[in-house]
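Notes to accompany the following structure.
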Amino acid sequence: MPMMTRDVLLEMELEEDDEEDGYIALENLEQTTVSGSGSLKSQQDFRTPEFEEFNGKPDSLFFNDGQRRIDFVLVYEDESRKETNKKGSNEKQRRKRQAYESNLICDGLQLEATRSLVDDKLVFVKVHAPWEVLCTYAEIMHIKLPLKPNDLKTRSSAFDNFNWFTKLLQVDESIIKPEQEFFTAPFEKNRMNDFYIQDRDTFFNPATRSRIVYFILSRIMYQVRDNVKKFGINKLVSSGIYKAAFPLHDCNFSSPSEDLSCPNERYLLYREWAHPRSIYKKQPLDLIRKYYGEKIGIYFAWLGYYTQMLLLAAVVGVACFLYGYFTQDNCTWSKEVCDPDIGGQIIMCPQCDNECPFWSLNVTCESSKKLCIFDSFGTLVFAVFMGVWVTLFLEFWKRRQAELEYEWDTVELQQEEQPRPEYEAQCTHVVINEITQEEERVPFTTWGKCIRVTLCASAVFFWILLIIASVIGIIVYRLSVFVIFSVNLRKISNGTDPIQKYVTPQMATSITASLISFIIIMILNTIYEKVAIMITNFELPRTQTDYENSLTMKMFLFQFVNYYSSCFYIAFFKGKFVGYPGDPVYWLGKYRNEECDPGGCLFELTTQLIIIMGGKAIWNNIQEVLLPWVMNVFGRCNTVSGAEKITPRWEQDYHLQPMGKLGLFYEYLEMIIQFGFVTLFVASFPLAPLLALVNNILEIRVDAWKLTTQYRRMVPEKARDIGAWQPIMQGIAILAVVTNAMIIAFTSDMIPRLVYYWSFSIPPYGDHPDYTMKGYINISLSIFNTADFKSRVKESPYAGSKYYTCRYRDFRYPPGHEQEYKHNIYYWHVIAAKLAFIIVMEHIIYSVKFFISYAIPDVSKSTKSKIKREKYLTQKLLHENHLKDMTKNIGVIAEKMIGAVVDNSLRPKSD
């Protein structure tokens, strides 16, 4: 079909009265606007697709003629068969759709319509792009296509000597054959002979064909109203004019197609990638990229590489955990807590006003034993290791990403990305381009852009304040409910030793607060997702990459505060500003600040991490696996009446779930939040990398299963890297060094114990002849005279107590000292040691990180050479072909000129 250039634009003027009744007034129905080519005389001039009956071939990917490939499918509900009284509204939708489809045909696309076999209200419009259309838009989109076979790309591995082992992990090449490599260049129609075109039907692969067709569908107009153009399939789907728009899967995932021309790539992906029996195999990244596009391919490449690197972190983390587990019996300070003659004789001060009782230190025996596992020397080693590990991961990923850019031809992708249709639709202001000095259209002026940025930033800031308010609410809950648990658990535990051993007021408060915090996190996430999309749409980024990067930064900033705020509170604020029993610090003037266990808040931080990480993983799996599966089962149950019929490929795909507008955005977000937990707070939970490793091994296969079996095929998209997630991970890596150093210094008791061991266990401060941890509990708990209790009422609530003194967690002088209740010399030694530790640890790790970043280049030498070599050979090939054409043309011209001269010389002269 020859390429058509005219567009049918349906001009609609809506009257207010008609709008209320659901009708529209079409003023120019008989003279519908046609740009540049006159006008259509009536509605009959709309060009509509031909209706064809299903030919009975369920695996067919072609029109009924068996020649034209289906590149895209549009689905709508026939208005004439809708069960509704809004006839005017139905008529308006029908004419918009007719105008849109007419413009598609005028733009060169070929359409064929088929009515559903299961639901006769549904109509499937199959779209095919002919050769001329593909060539035209491939040039517009700067799509790189093959020039000649490439014999330079050789894949070598450092593990070639272990071929017998790597073969077990590799996908069988007899099942999934390696893709042939080509030199590529941006397509140009006038140089078509330079490209490697052996078969026009296969020169553009299905993913490229779908991408070109979606580019056209997104830019075809269907209505002009008040001089505002409306266009694009996304707007038509969101307004309900079309039910869905998607490219086709090539076959059923559970069995190969009976059509011999079908490559069965979906079946191969399910069998060798998504099936549980392939869980130990490497991912077939080239086939994933070929079938789903580079954007999905780069996500699974990154997730697979991250999971591989987690294996090393998990091994070291387990080793540190086992070190703490097997050495807990040598934990002297824990023994003193559990000893009836030491911890049993130490009476601790009440932790709240008026109603909290005195309590014995040995009730925290079990939690102190658990704390010995996590608060050990192995934790320090692991924190330093993770600071180096995260740098190695990021640097080696950059190298791997550069290799994929070369292999997948996305090195110069930025040059071929087109503006978003939504951006182009708003380009009404004319400005002068500083580079070309030519006029160009932009959606808003500089002042308008400043206003939009200010409003968007204000909205994001408001939501962050809302999260902080929710965190404050959780803190108030903790402060309020701790009093209740302190009173009631002490009463219940009288004579009931197991409850007293395992359920302390601190633990009960921490677990319930963590659960409530997790529920609030999930609720705020759901609301903010919609708000962030609205803010980004208002901001109006130019390209899809700009849109996703802007949305990524907004969402991550929110998620960072949402997920990590409670952990930051426990790690760096809880128990730090509590005063002492005679003069406690009150929060908001009403609630007495929380105190940590005598061993510190580290174990509580570990509990918080386990609940949030575990709960998040369970919740995400329910959302990602169970929900789509239930929806698909429900959809099949609704169409059970037609289940005995043989349904075509497009109808089977329609009943799958749509992937969503943001595609893999939420998958990335889930993994980056996990990356934050693994790096930011790993000093408190060495098993976090192991949990992340197990989760990611399952996550890869679950995502693969979801894509291949439960979801429609996504529109293939190009991507050269993971976008804004890379700088986010780099920022987390830098922050992780600080947080882990501060957790060891201020949250754990490692520094006070080391100060005691090396300075205060021996003279002049200690009484022991040798370095020892004996007596640490006694020196770490200060003494308080119960007669000095202050109450908010006139009389002290503990005036008649049988205890004259009690102990509390701090380093202060005892009563009767000339500086009673003021910080003692041990406190200042500890503070100096903590600050020194933070400075030394940060400088050591940052120095190592800088050295690693400098020593490992982002692009390997071999990859640089390959890129330069391919660019040189590509230019040489195009240049030589251009010279051949010029030489040929000059030869033809020369022959004509010589022939003309000869003819003139032989022609007889006239007298």
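Cβ from N, Cα, C; glycine included.
Quick look at what TrEMBL annotates:
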type: DOMAIN; residues: 62-285; note: domain 'Anoctamin dimerisation'
type: DOMAIN; residues: 288-870; note: domain 'Anoctamin transmembrane'
type: TRANSMEM; residues: 299-326; note: transmembrane segment
type: TRANSMEM; residues: 377-397; note: transmembrane segment
type: TRANSMEM; residues: 460-487; note: transmembrane segment
type: TRANSMEM; residues: 507-528; note: transmembrane segment
type: TRANSMEM; residues: 555-573; note: transmembrane segment
type: TRANSMEM; residues: 671-694; note: transmembrane segment
type: TRANSMEM; residues: 722-746; note: transmembrane segment
type: TRANSMEM; residues: 825-846; note: transmembrane segment
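Sequence-distant residue pairs (6 or more apart) of the transmembrane segment (299-326) and the transmembrane segment (671-694) include at least 3 whose Cβ atoms are under 8 Å, placing the two stretches in contact.
Counting Cβ pairs under 8 Å that are 6 or more residues apart, the transmembrane segment (671-694) and the transmembrane segment (377-397) reach 3 or more and are in contact. Here the listed stretches are 377-397, 507-528, 722-746, 825-846, and the one with the most C-beta pairs under 8 angstroms to the transmembrane segment (555-573) is 507-528. Taking residue pairs at least 6 apart in sequence, the transmembrane segment (825-846) and the transmembrane segment (722-746) share three or more C-beta contacts under 8 angstroms.
Taking Cβ pairs closer than 8 Å, the transmembrane segment (825-846) reaches residues 383-384, 387-388, 737-738, 741-742, 744-746, 751-752, 754-756, 759-760, 765, 779, 810-812 in its own chain, all 6 or more past its ends.
For the domain 'Anoctamin dimerisation' (62-285), the mean pLDDT of the prediction comes to 83.
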